[in-house]
Amino acid sequence: MKKRISLLGATGSIGIQTLDIIKDHPEEFQLVAFSVGKNMEETRKILKQFPVEAISVLHEEDARLLHKEFPKVQVSFGDEGLVQIAAHTNADILVNAVLGSVGLNPTLEAIKKGITIAIANKETLVTAGHLVMQAAKVHNVPILPVDSEHSALFQALNGEKKSDVSKLVITASGGSFRDRTREQLKHVTVKEALNHPNWSMGSKITIDSATMMNKGLEVIEAHVLFDISYDDIEVLLHRESIIHSMIEFQDTSVIAQLGTPDMRVPIQYALSYPNRLHRPHAKRLNLVEIGKLHFEEMNYTRYHALKLAIDAGKIGGTMTTVLNAANEAAVALFLQEKISFLEIDEFIERAMFKHVKISSPDLETILHVDAETRKTVQNMLK
Ligand code: NDP
Ligand code: MG
């Protein structure tokens, strides 16, 4: 039986690579529904290649046009559309590769339907990880990580007891500005920040990698997924992005997962789990060619955003919602060239400082705090 897949964010970097995996394994996987934002050119291409049952777009006008062109496909739009795709009745697994905390509600609705979640959309786990994990437990739904570090941790944990884990070690490439001091970051441009040394990704996560907020979000994501205390999660600079993360056990053994920096590997593993599938034409890891791997201690002063994220995680409650929403809003302002690179951290810190944490927030509280934080950040511009 083929696994039926619904996909949020099909036109994005992870979305397109997910489609590659589905194309490579037509006997294993079938795309049944997908969502996009505004990229109609790419949407038309996907619709011509994949005979899906339903799609969703951001704007109503685009939905109307697509419905005329593809009358057999059910077309919806907006937030409600995202939920319809995520919880598509016919799907076995949802690949959530949408960008930002808009992915939260659709994820919760898919879980309620018993659909397995392959999650790339880390903002959802940062903003309200407790709600996702609780719902997954209640409905007995697996949450499979797509993020490369978390896929590595998930693989290293395979068959191990959680009580034997002494720490998680998450590796970080250092992003576009790893060879610059904080002083040298004052006047960097959007174009420079978008130039990641190892990975080719969407713009928001590339900026998050340059500020190191991406690693901060990943520390929270790891805490949520694996239920490990923040004091037992370490971040290590590793320029080559070959070791994707590792786990140290109480007997001092360390299990790491290695591979070339290619997101299709963790995407495919989440889709094929618990099996592994051949990857036609994929580049194999050649350690002789690479020769040396490097590791450095993380500098939390240089990468202030990482410190902010860990602080938010330790404070807990709605503070991670504020961290995430402030970061999404500030990165959007940086990409629009309305604020400087270092103002991203500054705006997030100010938003966190203003917020009084609410413990164990429900969905309504999370959505309210998320929206209020975005307004707070917009007001900082004035
Ligand atoms: P992209 O920006 O490349 O793609 C985002 C996707 O989401 C696009 O399909 C976009 O549609 C859609 N989208 C954006 N905003 C909305 C919205 N408001 N409503 C509906 N759809 C929307 O992002 P990435 O693929 O890089 O990242 C996706 C997620 O995966 C993020 O959470 C990221 O942190 C995570 N991730 C990404 C990795 C990577 O290598 N790229 C690695 C690990 C995690 P459109 O373009 O049509 O407007
Ligand atoms: Mg990652």
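Just so it is clear, glycine is given a Cβ too, placed from its N, Cα and C backbone atoms.
Going by TrEMBL, these are the annotated features:
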- 5-129: domain '1-deoxy-D-xylulose 5-phosphate reductoisomerase N-terminal' (DOMAIN)
- Thr11, Gly12, Ser13, Ile14, Gly37, Lys38, Asn39, Asn121, Glu123, Gly202: NADPH binding site (BINDING)
- Lys122, Ser148, Glu149, Ser173, His196, Ser209, Asn214, Lys215, Glu218: 1-deoxy-D-xylulose 5-phosphate binding site (BINDING)
- 143-226: domain '1-deoxy-D-xylulose 5-phosphate reductoisomerase C-terminal' (DOMAIN)
- Asp147, Glu149, Glu218: Mn(2+) binding site (BINDING)
- 258-375: domain 'DXP reductoisomerase C-terminal' (DOMAIN)
By the count of other Cβ atoms within 10 Å, pick out the sparsest of the binding-site residues Glu123, Glu149.
Glu123
Closest of the binding-site residues to Ser13 (NADPH binding site), Cα to Cα, picking from Asp147, Glu149, Asn214?
Asp147
Taking DSSP three-state, what's Ser13 (NADPH binding site) in: helix, strand or coil?
helix
Pick out which of the binding-site residues Lys122, His196 has the most other Cβ atoms within 10 Å of its own Cβ.
Lys122
Summarise the model confidence on the domain 'DXP reductoisomerase C-terminal' (258-375) as a single mean pLDDT, whole number.
97
In whole Å, how far is Asp147 (Mn(2+) binding site) from His196 (1-deoxy-D-xylulose 5-phosphate binding site) when you measure between their Cα atoms?
17
Fewest other Cβ atoms within 10 Å: which of the binding-site residues Thr11, Asn39 wins that one? Let me know.
Asn39
